[in-house]
Protein chains: 2
Amino acid sequence: MKAVGVIVEYNPFHNGHFHHLNETRQKTDADCLIAVMSGNFLQRGEPAIVSKWARAKMALAAGVDVVIELPYAFAVQAAEQFAHGAVQLLAAIGCQELCFGSESGEISAFLSAAKTWLEQKETFDSLIRTGLARGQSFPKAAAEAWQKFGAAPLDLSKPNNVLGFAYVKAIWQNKLAMMPRTIPRLAAGYHDESFSHPSIASATSLRKTLRQTGRLESIAAYVPPAALEQLRQYRETYGRFHDWEVYFPLLKYRLLTATEADLRRIAGVEEGIEHRLKQHIAHAETFAAFIAAVKTKRYTWTRLQRLCAHVLTNFTKEEQAKAANPTYIRLLGMSEAGRRYLKQVKKSAALPLVARASKLNGDSLYEQEKRAAAVYAAAFPEPLYSAALKEEYATAPIYVSGIERK
Amino acid sequence: MKAVGVIVEYNPFHNGHFHHLNETRQKTDADCLIAVMSGNFLQRGEPAIVSKWARAKMALAAGVDVVIELPYAFAVQAAEQFAHGAVQLLAAIGCQELCFGSESGEISAFLSAAKTWLEQKETFDSLIRTGLARGQSFPKAAAEAWQKFGAAPLDLSKPNNVLGFAYVKAIWQNKLAMMPRTIPRLAAGYHDESFSHPSIASATSLRKTLRQTGRLESIAAYVPPAALEQLRQYRETYGRFHDWEVYFPLLKYRLLTATEADLRRIAGVEEGIEHRLKQHIAHAETFAAFIAAVKTKRYTWTRLQRLCAHVLTNFTKEEQAKAANPTYIRLLGMSEAGRRYLKQVKKSAALPLVARASKLNGDSLYEQEKRAAAVYAAAFPEPLYSAALKEEYATAPIYVSGIERK
């Protein structure tokens, strides 16, 4: 069976994702589509709109055969570390290809950019360090570094291109036997918050619309019915969707009661940002107002969101330094084909395949995952808080048979 | 002017407290009654039902002339450390006498008990250590130690006697020029939860009744009208009273995201209790159910409540060890007579008299106080959360003129 990997967040799943899955299956002739997915917190430091289980169901309903979890220590990270964890998991479970979305859909630009970067690694590293020392953000420093080599072979101001570039680099640096491919994205820029296409819109714009209208029908044109139904069920069960504002009281409590020394132990707290956090938190009444007050040229919104996620989950520099590579493959869900595939690779997979989270107790990556789940569940009043925690610890991988999938 | 001290929590102020103040003034001929009062968290590890400001107003309305704050590091402690901080503050501000309530109202029994204890200190310490090593709680070990000396000269199963005994010991051990006196309490045992007297009931029973009925009228017979009015205004402004259940989601979040190593740094976390805390927190849906599950012979309800307060406020063993003595006298409120008295002792007081909390920034006892205030304010949604925080940092001492007091 040929397995092909995708790297996803599905926050929430929408028609663009559906298009990517269909194209991927068709172009690669995959027998088994494997998605590595962020858990409760996402790459840009945000809580996922609904739980990993609900999002795994959306993925399965749309044709994914196996959903595995990207551990927190890789999920809530800048592109390089995120890519490093994700491609290793896909390779470990036996994917022969990785297929990501990009603006152009031309893999050659990614290969050429990665080649230049890796060949000139020292120069790039040194240029970026100089930029950072001058107070630039990482993306800004990287963009200036590219200018020294003439323009980059691809537009690295586009978040999807940055990720694709990181995937290719990570595959090569880890010498993985997995071929990178790319498929052009349909319409809608990643950050677009307005609708311009009749059926395609970015996850960002969908979350915004949902937040503003509170009505699922307002996004129905852009989301497959099965995913919409998951959103509906989730809100019915838990009473709400997740966003940063839900967690702001916890963040405020934690920032006010942690000492500056405590904060300096947290991953991402560098260069005295702990003073700014402490300085602005007492007066801030919303997460958005807080981040706006703390934001600097160097500390971008995304970087601050990630840092705040680490404050909430108590994810330390020490833990980040130790999280070199994934240590397990956690299954969140599978189809009939997925189950056949897993049976086939169970023995040969490069990392242990784990269905029951209880088997992971004590594994440091999973202990971090449990803490992230504890934060995530704190969005709910009891008894839902306890119920959501139990879901993290005790849910068996979701199985969707062919008939259920239709 | 003759100043006399009382040590109070006023949680809430009731007719028994009023009786004690009137008796104190009459028996001691005091010109200035000074109350040292716990702040946001109390001796038994509970959040105060209303803020320190509201409780200071109750005190002033009832005849107290000066209200000063017992810092968190002394307030949320077993009797000895609580007494140590409180008597030092009263002595530092020039109180010639300390007057506490007791069951018998006989000071001789307290003096005799304290004398025996201090003369036989090594024997007592060794007997108590032995008891603790056998898994006894501190009160149980102390009671058994007394039996070796025949019975104790006073009933140390009564919380008020335990505190009075600790006050006398602390005065002697610190060689303070302050005379201890006691006045008999009126009816109602400290822990009584049922009403038996037409106008006197314990603070515990009043909180319980208020929690059950939600109606201020249900406690009106037991609380002076001015105190009742403070309660009414507080609930009108902040929408609620405080109890442990309000803080349970924060406690749960913190216990789930702190590592066991983090918890071992917290004051009061000893002998592996961190495992029990971790073990029971995920399933607990209320604070009461949680404590009931964690409780052991050695870890009494009160000890666990204090420990949980320290978890919430991030109060560490290191901080506890450093909190040897009060470092300032923080004014919460004063009457006209109080103001005259303060003017008189301003220069001679053994510790700096501080009206504006902003002057205390950086003082470690006050930094702990700010953290306790941050936890306390987390009971409210925004914008009340920020408003309550500001109240801690920026409120000037309450001044009540003679006319206002009537």
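Cβ atoms are placed via backbone N, Cα and C, with glycine included.
Listed in TrEMBL for this protein:
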BINDING   A:7-20, A:G101, A:N160, A:R185  ATP binding site
Count the Cβ atoms, other than its own, that fall within 10 Å of the Cβ of A:Y10 (ATP binding site), considering every protein chain shown.
27
Rank the binding-site residues A:I7, A:F13, A:H19 by the number of other Cβ atoms within 10 Å of each Cβ, and give the residue at the low end.
A:H19
Can you check what DSSP calls A:I7 (ATP binding site), collapsed to helix, strand or coil?
strand
Under a three-state reduction of DSSP output, how is A:N160 (ATP binding site) classified: helix, strand, or coil?
helix
